[in-house]
Amino acid sequence: MKILGIETSCDETSLGIINDKGDILSNLVYSQVQKHIPYGGIVPEVASREHVKAIGWVYNLALEQARTDIKDVKLIAVTQGPGLQGPLLVGISFAKGLSLALNIPFTGVNHLMGHIYSCMLDNATFKPPFLALLVTGGNTLITLVEEIFVHKLLGSTRDDAAGECLDKTARLLGLEYPGGPAIEKAALGGNASYYRLPVPLIKEDSLDFSFSGLKTAVYYLVEELKKKGKEIEVNHLAASVQEAVFSALLDRLARAQDLTGIEKIAVVGGVASNERLKYRLKEFTEKRNLMLNVPPSVLCTDNGAITAFVGLLKHRHNRIDDDIIDAQPFLTLQD
Ligand SMILES: Nc1ncnc2c1ncn2[C@@H]1O[C@H](COP(=O)(O)OP(=O)(O)OP(=O)(O)O)[C@@H](O)[C@H]1O
Ligand SMILES: [Mg+2]
C-alpha cells in the first residue's frame, strides 16, 4: 500500500509518497518563497495561484521519483488546516479530483499532527508517550502525546508564534524573508549578551508562551538606537532575539518535563531546523538524560510526506472516514 500526501497549507507545494511501513519514497517540495520576498511576507492570493500552477508538475515528479504508478496509491491524504484558506482549497480540490477520477479514498489531515508525528516518520522506534514541542510560523505549543491521536495540550502561545516572532523581528532589522533562517545566519557573528532583551513569561508559573512583547521590545530598542543616532548592531541583536526566544522554549520544556516526568522529547516544526536551538536542546536533554528527537530540516518545514504519514496513522487506527472535507484555516490540535 502506498500513500500520497498533499500539503499546500502555506507557501510550499509539496507532495510526498510513503509506503505502509512508513518509508519515504519521494517528498517533493516546491517553495514559492522567491515569489513572496518582494512583499516581505506571504500574500495569500499569490500563494493560491502558485499552488495551482505548480501542483500538476510536482505531482508528476513525486510519482516519478517514487517510481510509483498512481494505481498503486491506495490512499490520498491532504492537509485540511490550519493554514491559508485559498492554498488549502487548491490541495483539497486536487485531492478530491484525483480521488474521484481514480476511485481512491482520501482523508483530511490536521497539519499540526503532521508536524508532531514527523518525529515518528523519521524514527520508527520513537513511540508515545512523548512530549512534543511544536514550533512553527503559525503555532507554538507543548503537548503530551500519550498515545497516537491521544494528546494532552500542556501549553500554547497566547499571541504570536515563535517563528512569527523571528519573522517579524527580522523584518524590523531589515533582514530578508523568511526571518527565521535570516536571523540564524545573522546571529552567527553576534553576541547574545550585547543587547538586553526580556525572556517572555520567564517568571510565570505556566506552560504558555508569549512572543509579542519580545517583538515590541525589539521595536522600541531599534527606535531608541535610531533616535540616539547609534548604529544598530544587527548581528548582536539577531543573536539576542534568537536567544530570548529559545530560552523561553527551553524554560517551558523544562517545566513540562518536571510536571510529567516524560523522558522522550520531540521538537518539531520549521523553527526546529535552527542549529542553535538544536545545540541548546542537546545540552538540555543530555543534562537530564532524556531522549531527544528533532527530525531533519526537510521534515520540520512543511512537506507532503508528513501529511502522508498522518494518513497512514489514520489508516492504522481506523480513522479514515467519509466526511465531507472542507478547508479549515483555524483548525487546532484538539479539533
Ligand atoms: N533555521 C531556522 N531558524 C529559525 N526559524 C526557522 C528556521 N527555518 C525556518 N524557520 C521558521 O519556521 C517557520 C516556518 O515553519 P513551518 O513551515 O513549520 O510553519 P508554518 O507552516 O508557517 O506554520 P504552521 O505549521 O503552524 O501552519 C517560519 O517562521 C520560519 O522563519
Ligand atoms: Mg507548517
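Glycine too: its Cβ is placed from the backbone N, Cα and C atoms.
According to TrEMBL, the protein carries these features:
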type	residues	note
BINDING	HIS111, HIS115, ASP302	Fe cation binding site
BINDING	ASP167, GLY180, GLU184, ASN274	substrate binding site
DOMAIN	24-308	domain 'Gcp-like'
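Shown here: features listed in TrEMBL, placed on the structure.
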residue	record	CB count, 10 Å
HIS111	Fe cation binding site	26
HIS115	Fe cation binding site	30
ASP167	substrate binding site	24
GLY180	substrate binding site	26
GLU184	substrate binding site	20
ASN274	substrate binding site	27
ASP302	Fe cation binding site	26
Residues among the binding-site residues ASP167, GLU184, ASN274, ASP302 that border ligand 2 - Cβ under 6 angstroms, in sequence order: ASP302
Largest CA-to-CA spread of substrate binders ASP167, GLY180, GLU184, ASN274, angstrom: 13
For ASP167 (substrate binding site), the one of HIS111, HIS115, ASP302 that lies nearest, given that the binding-site residues are compared by Cα: ASP302
Pairwise Cα distance for ASN274 (substrate binding site)/HIS115 (Fe cation binding site) [Å, integer]: 15
Those binding-site residues, out of HIS111, HIS115, ASP302, that come within 10 angstroms of GLY180 (substrate binding site) at the Cα: none
Cα distance (Å, whole number) from GLU184 (substrate binding site) to HIS111 (Fe cation binding site): 25
Residues flanking the substrate site, with Cβ no more than 8 Å from the Cβ centroid of ASP167, GLY180, GLU184, ASN274 and excluding those residues themselves: GLY163, LEU166, ALA170, PRO178, GLY179, PRO181, ALA182, ILE183, GLN242, GLY270, VAL271, SER273
Pairwise Cα distance for HIS115 (Fe cation binding site)/GLU184 (substrate binding site) [Å, integer]: 21
Residue pair GLU184 (substrate binding site), ASP302 (Fe cation binding site) - Cα distance, angstrom, rounded: 19
HIS111, HIS115, ASP302 excluded, remaining Cβ within 8 Å of their centroid (Fe cation): GLU7, SER9, THR79, GLY83, LEU112, GLY114, THR136, GLY269, ASN303, ILE306, THR307
